C-alpha cells in the first residue's frame, strides 16, 4: 500500500540557488515540526528492522525451529474438559458387561476396539472382579469450536470421579487418555492410542526438560498401547501422535507438529484451581497432557536468510540514518539541515524494500508454528512476537504493523484448534458427531496464512485507503487539487534522468514541492534524496592555501552518487574499498551527465546538503 502523495517542503529557502538562508518566520514553526516528523519517521524505519532482528532472536531462544514443551488443560477448564458418561465399571477382565452406556461404547469406530481398551485399562489399573472400579468418561475438546477430541478415563475406588472437580482433591485409582496415532508398519490407517497412569503401580516421577529451558514433573514410564479397529493391540512406548504437516513456505520448509502423551504432576501448579485429581497411593495430583512441539526442515537456511537480509537491510539503511543523525545535530544547533522521510521514497529503494521483506518473510512460518503452543508457558510470548513479525512483513505503512497485530492477536486459540483438526485417518464419535483424535493424513493442513488472509485484507485495504485519502486531502488543502501536477518533472534534467512514475506514486512530485525561480522549477535536495541519490563534494585539503581574485566567486560542484554508496564515498580515499559509481554532477544548479563512470579515487569527499537542480 502506498500513498498518492505526501506534499513536503524542505526547510531550505534560497535567495540564490544552492545556498540556504534563514527560514521565513511565518512558516518556521510548521517547517520545524516537519523536520522533527521526518527525523522521527526515519529513526522509526530503522527501529522496524532492528525489531525484526530482535524478534528473530527472541523466537530462536524459544525454539522456533525445533521445540518440544509440556502442555495440558486443567480439569476446571470448562472450555475443554466436559462430562460424558458415568456408568462404566471395570473388573479384572475389562468393562463389566452392559455397564457402559451405548453412547460411551460407540465412541470408537468398532466395538472390538472399545472392548480392548477396557481390557488394557483393567490390566494396568489392576482392577478386581470383587470390587470393580468406577470409571467416568470425560472429554477434552469434542466441540465444534475445538474441532478435535481426546477421551479421558478417570477411575474411582468407590464413586464415579468428577470430570470437573470443584472441592479440592479427589482420590482416583487411575487416569487414562484415548487419542489416535498412525504407525506405518502396523497401523498405517490409524489406531487408538491409550496412555495410562495407574495409582497402584506407577509411583515414580521424573523431570521433563522442555526445549525452552523450563521443566515439568511427569509420571515416569507410563503405559502406552495402540488399539486397532479389529481389537488388536501393540505397545507403543514412543507415544507420538498428532503428527501434522504444514507448508507455510512451501514443501522444502516443512513444519511438522507432533505430540507425545504424558501424565503431568500438578503439585505446585494448582493455584486458583477449584479441584483436581490425586492418586491415593502416589499422593500427587495428576492430569493427562502432552509434550507438544514441532520441527522445521532446512531451518538453517531460513536462519541464514533472515540474518543475511537483516544485515543487508541495516547496511542499506545506514546512509539514511547517517543523514538523519546529521540532520538531528543540525536541528539541535539551529543550523539549516537536509531532511526527508525514507518511506516516501521507498518505491525508489526497491533493493532495501526487498531486504526488509526477506528479513520478515519467515514470519509466515512463525505464525504457523506459534499456534501449536497455545496454553503453554511461553506460548503467548511466541504468538505476540510472531504477529509483530508478520506486521513487519507488510512494510508499506507503519500503521500496518499495529493493524495486523490487532487483527490477528485474538485468532490464537482458533488457529491452535484448526492445527489439530486436520484430515483424520481414524475418528471418535461424540454426540453423533465424528471428530479427529490424533491420527492425521500426511498430506498436510491449512496454513495459518491462508486462514488469516481474509481477516487481514480488510485492515490492509483500510490502511492503504486512508493513506491515499490523507495524501489527497493534504494536497487539496495545500494546492486546491486532488491529484499531483508532475508536468514540471518532464522539463527538469535531473528528474528526467532519474525517470518518474506515470500513474501512482508515494513520491511528493507535485509542482508545489519544487522551488520556483523565475519561470523554472528546480528539484530540491530532499527530493534528490528521495529519488535515491546523495550529494558529495571534494573535501578541501588540510593546510592548503587557495589564492584567487577577490571578485571571483567559487562555484561548488556537487557529485551525485547512489545513496547506498554514500558511506563508501565519504570514506577517506586510502581506506575506500572501491570508487562509487557517479550518477551526475550539479554545478550552478545545472545537472550534468557524468563524464566518467566513477568518483575520482585520488580525492576524499564529504557529504553535502547539496543544491537545487534544474
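From the backbone N, Cα and C atoms, a Cβ is placed for every residue, glycine too.
With a cut-off of 8 Å between Cβ atoms, the residues of this chain six or more beyond the transmembrane segment (39-60) that come close are 303, 306-307, 310, 313-314, 317, 320-321, 324, 327-328, 331, 339, 341-343, 356, 359-360, 362, 366, 381-382, 385-386, 388-389, 392, 395, 398, 401. Annotation source TrEMBL lists transmembrane segment at 39-60 (among others).
The transmembrane segment annotation in TrEMBL covers 302-325 (among others). Counting only same-chain residues 6+ beyond the ends of the transmembrane segment (302-325), those with a CB under 8 A from a CB of the stretch are 38-39, 42-43, 45-46, 49-50, 52-53, 56, 60, 65, 249, 253, 296, 338-340, 342, 349, 351-352, 355-356, 358-359, 361-362, 365, 529, 534, 563-567, 607.
Residues annotated as transmembrane segment in TrEMBL: 352-374 (among others).
Annotated transmembrane segment per TrEMBL: 380-400 (among others), in sequence order.
Here TrEMBL flags 412-431 (among others) as transmembrane segment.
The transmembrane segment annotation in TrEMBL covers 451-473 (among others).
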Sequence-remote partners of the transmembrane segment (352-374) [C-beta within less than 8 Å, at least six residues beyond its ends]: 48-49, 52-53, 56, 59, 64, 67, 69, 71, 246, 248-249, 253, 255, 257, 292-294, 296, 302, 305-306, 309-310, 312-313, 316-317, 346, 382-383, 385-387, 389-390, 392-393, 395, 408, 412-413, 415-416, 418-419, 447-449, 452
